[in-house]
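K.L.:
A single structure is presented below for examination.
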């Protein structure tokens, strides 16, 4: 059973769903044009991940092996419907902005993958924590990519935060620089694809530097036995 520290490390860095597993790229590329959209989808995905992992872990002993995937999908779809209704009620502007990508959480490979690979084989608490940290790992990449694209494309940060947090959040909007015309590439999916590649490259460089700092284990020289 994985420890809490291992779950945090795997979810946020070593096995990050976006930068290592490369799962959920469709919403990652399409929705991360602004920090607000990225954060909204990240929170929704995290809630579904926690709920699906917890429920799958609780009922795993009663699910026949042959039909486990359809059952997992039904559980995920039910949770996505609940999240969609909540967002429709309390964050309607963001609900309209995210559009089809909210119900598409059902088909997100991250969620079904964690249900199959981890939740179905572990106790409820570790399963819920795995969902939490995998969701936060995905959300962190979404928000970081959204920040890069929003700054390059609009020169702003937290634009439209009131759609997620309420009217008071209009004060969070920061205009870093004024642009007469938008940097269109940053706002379109190809720009998001380049941004993801940039983040993956940075992560790989950091991993390589960390690996180089580790003391190399010297291999013990094995002497051949002489047989006479």
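Backbone N, Cα and C define each Cβ position, glycine as well.
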K.L.:
Kindly point out the range from 161-181, 182-202 that Swiss-Prot annotates with transmembrane segment.
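P.N.:
Here Swiss-Prot associates transmembrane segment with the stretch 182-202.
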K.L.:
Using a Cβ cut-off under 8 Å, which residues of the same chain at least 6 positions beyond either end of the transmembrane segment (18-38) come close to it?
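P.N.:
For the transmembrane segment (18-38), the sequence-distant neighbours (Cβ-Cβ under 8 Å, at least 6 residues beyond its ends) are 45, 94, 97-98, 101, 104-105, 108-110, 113, 137-139, 141-143, 145-147, 149-150, 153-154, 157-161, 163-164, 187, 189, 192-193, 195-196, 199-200, 203.
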K.L.:
Are there residues at least 6 beyond the ends of the transmembrane segment (69-89) whose Cβ is under 8 Å from a Cβ of it, and what are they?
P.N.:
40, 44, 47-48, 51-52, 55-56, 63, 95, 98, 102-103, 105-106, 111-112, 115-116, 120
K.L.:
Ranking 39-59, 93-113, 182-202 by Cβ pairs under 8 Å to the transmembrane segment (128-148), which is first?
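P.N.:
Highest pair count goes to 39-59.
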K.L.:
For the transmembrane segment (39-59), could you work out the same-chain residues 6 or more beyond its ends whose Cβ comes under 8 Å from its Cβ atoms?
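P.N.:
Residues 24, 27, 31, 72, 75-76, 79-80, 83, 87, 91, 94, 97-98, 101-102, 105, 108, 110-111, 114-115, 118-120, 122-124, 126-128, 130-132, 134-136, 138-140, 142-143, 146, 163-164 contact the transmembrane segment (39-59) from elsewhere in the chain.
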